[in-house]
Amino acid sequence: MALRLATRRFAPIAFRRGMATTIEHTKEPISATAEALSASRPPIKETKTSTVKEPQMDADAKTKTFHIYRWNPDQPTDKPRMQSYTLDLNKTGPMMLDALIRIKNEVDPTLTFRRSCREGICGSCAMNIDGVNTLACLCRIPTDTAKETRIYPLPHTYVVKDLVPDMTQFYKQYKSIKPYLQRDTAPPDGKENRQSVADRKKLDGLYECILCACCSTSCPSYWWNSEEYLGPAVLLQSYRWINDSRDEKTAQRKDALNNSMSLYRCHTILNCSRTCPKGLNPALAIAEIKKSMAFTG
């Protein structure tokens, strides 16, 4: 437990300003506990699986360079760095996730990132690629080999390791809105809560959110107030339940947002709507919540 707490506290924040700025390291020194933990660990011997080795290139190889953010919590005194990898695009799939998987499988097994469905459904592989928050499985590799690609973890998140962000605060906020159907009365037929076609249509553009956090971590207001401001993703989810005709706790849901921080830190910067890999519009959902609260309380 002590190791986990030390790692989370001193994991660097990937970005301080903007979505593609130079990394700044924290000014705060490493604690004595973290140093002791690091010193007490035996050194890891280099093996074939831990040695970075570029694959052999063919004569007609279409090479592209990827610069990837690296940070290892097992070496807390080492600063984050960018590590470069060169791949032959002729032997690599079309998506950024294909490149990352090939690097991990064939070049550097120590590279760490999240991934699961590879179809833009789970949201696991959210990261910042060439200055844009997106899903690696949906982001195509630019075919222009002269331009090098830079890959970072999601901006302004604590880093667990390499491209893995700490989503603890994000999911804590999601839990706070009670993202489930709340009713005091049972359905008339005792089977299910029915909904008209028109009411169901009101949920389009809301239920598709996969909680990848691309929008929230692109929002400057969320960067500055992430402890109190819920952020675009959670507010879109909140509107999804406020707008659900089957839910009977609409008033309570609005009351929970009726303070100066949870909702009203949105300043319509619209980064969230621009970056959403699913094409949703969190800014519109936030505006609709504000409008409904202004007219109905």
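Start at 1 and count along the chain as shown; that gives each residue its number.
Just so you know, glycine gets a Cβ as well, placed from its N, Cα and C.
It should be emphasised that the depicted structure is a prediction, and the values quoted were computed from it without experimental measurement.
A simple way to gauge crowding: the CB of CYS125 ([2Fe-2S] cluster binding site) has 26 other CB atoms within 10 angstroms, across all the protein chains here. Feature annotation from Swiss-Prot assigns [2Fe-2S] cluster binding site to CYS117, CYS122, CYS125, CYS137; the stated evidence is similarity to another entry.
Cβ environment of CYS276 ([4Fe-4S] cluster binding site): CYS214, CYS215, PRO282 lie under 8 Å away, each six or more residues apart in the same chain. Secondary structure at CYS276 ([4Fe-4S] cluster binding site), as computed by DSSP, is coil. Residues or ranges marked as [4Fe-4S] cluster binding site by Swiss-Prot on the basis of similarity to another entry: CYS209, CYS212, CYS215, CYS276.
The local packing around CYS272 ([3Fe-4S] cluster binding site), expressed as other Cβ atoms within 10 Å of its Cβ over all shown chains, amounts to 30. What Swiss-Prot records for CYS219, CYS266, CYS272 is [3Fe-4S] cluster binding site, and it gives similarity to another entry as the kind of evidence.
Sequence annotations record features per position, and here Swiss-Prot assigns ubiquinone binding site to TRP224 based on similarity to another entry. Listed in sequence order, the same-chain residues six or more apart from TRP224 (ubiquinone binding site) with CB atoms under 8 A from its CB number zero; the list is none.
The feature domain '2Fe-2S ferredoxin-type' is assigned by Swiss-Prot to 78-157, with sequence analysis given as support. When pLDDT is averaged over the domain '2Fe-2S ferredoxin-type' (78-157), the result is 96.
Under the heading domain '4Fe-4S ferredoxin-type', Swiss-Prot lists 199-229.
Annotation source Swiss-Prot lists region 'Disordered' at 33-55.
Away from its own ends, the domain '4Fe-4S ferredoxin-type' (199-229) comes close to residues 19, 120-124, 126, 133-135, 154-157, 165, 167, 169-171, 174, 236-237, 239-240, 243-245, 261-262, 265-267, 269, 271-278, 280-282, 284-285 of its chain (Cβ-Cβ under 8 Å, at least six residues beyond either end). Of the listed binding-site residues, namely CYS137, CYS209, CYS212, CYS215, the sparsest CB environment within 10 A is found at CYS209.
Neighbour counts of Cβ atoms within 10 Å were compared for the binding-site residues CYS117, CYS122, CYS219, CYS266, and the top value is held by CYS219. A gap of 8 Å separates the Cα atoms of CYS122 ([2Fe-2S] cluster binding site) and CYS212 ([4Fe-4S] cluster binding site).
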